[in-house]
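What follows is one structure encoded as structure tokens, with my remarks underneath.
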Amino acid sequence: MNSRLCYLLFRPRLLRSRGAGVLSVPETQRVTLARVRHEESNSAFTNSTLRSDVGHDTGLGLSFCRSFSTEAIGQLQSTHYHLVYTCKVCSTRSMKKISKLAYHKGVVIVTCPGCKNHHVIADNLKWFSDLEGKRNIEEILAAKGESVRRVEGSEALEIVNEESRNNPDEQKPAHLSDGSDKT
């Protein structure tokens, strides 16, 4: 990706010296130019290439442009998971966006939109003693003989009961069995 940043430093009208017709730069402008050149020499960008150009005096102002290009180092990592699950209480299928940090190092509790029940998805801080040391939904369901399917391309966790995966029509809730499948 190439980017170009340009800064235009305007100064008041250049004064013409009385003798030889030479342009003179006021003291404040010399300090600004010196500061710009100092910043150019001290600036270093580790992940980009930098080229600085100081324009010539055109009588309108001093132009200062920086051109740099940055290239992605590796891939950007998503910071969230999309949790897709079916509530066992009311059979509502829903999707929630949860933080990866909370899932792996904190506590995640989601609320079912159908029955308003709270479901523990992850407990890495050991807040809930009834989980018997299990830290996340994958470990909780593995102890019950169920599985969690990870879909890496879309950063999603899908909770699927093994029986419903083998017999999808038998486990379908009554409000979805009439052919009006929600997606």
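Here the Cβ of each residue, glycine as well, is placed from N, Cα and C on the backbone.
These features come from Swiss-Prot:
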type: BINDING; residues: Cys87, Cys90, Cys112, Cys115; note: Zn(2+) binding site
type: COMPBIAS; residues: 162-183; note: compositional bias 'Basic and acidic residues'
type: REGION; residues: 160-183; note: region 'Disordered'
type: TRANSIT; residues: 1-62; note: transit peptide
type: ZN_FING; residues: 76-173; note: zinc finger
Among all chains shown, work out which of the binding-site residues Cys112, Cys115 has the most CB atoms within 10 A of its CB.
Cys112
Taking every residue in the zinc finger (76-173), the average pLDDT works out to 80
Translate the DSSP assignment of Cys87 (Zn(2+) binding site) into the three-state scheme.
coil
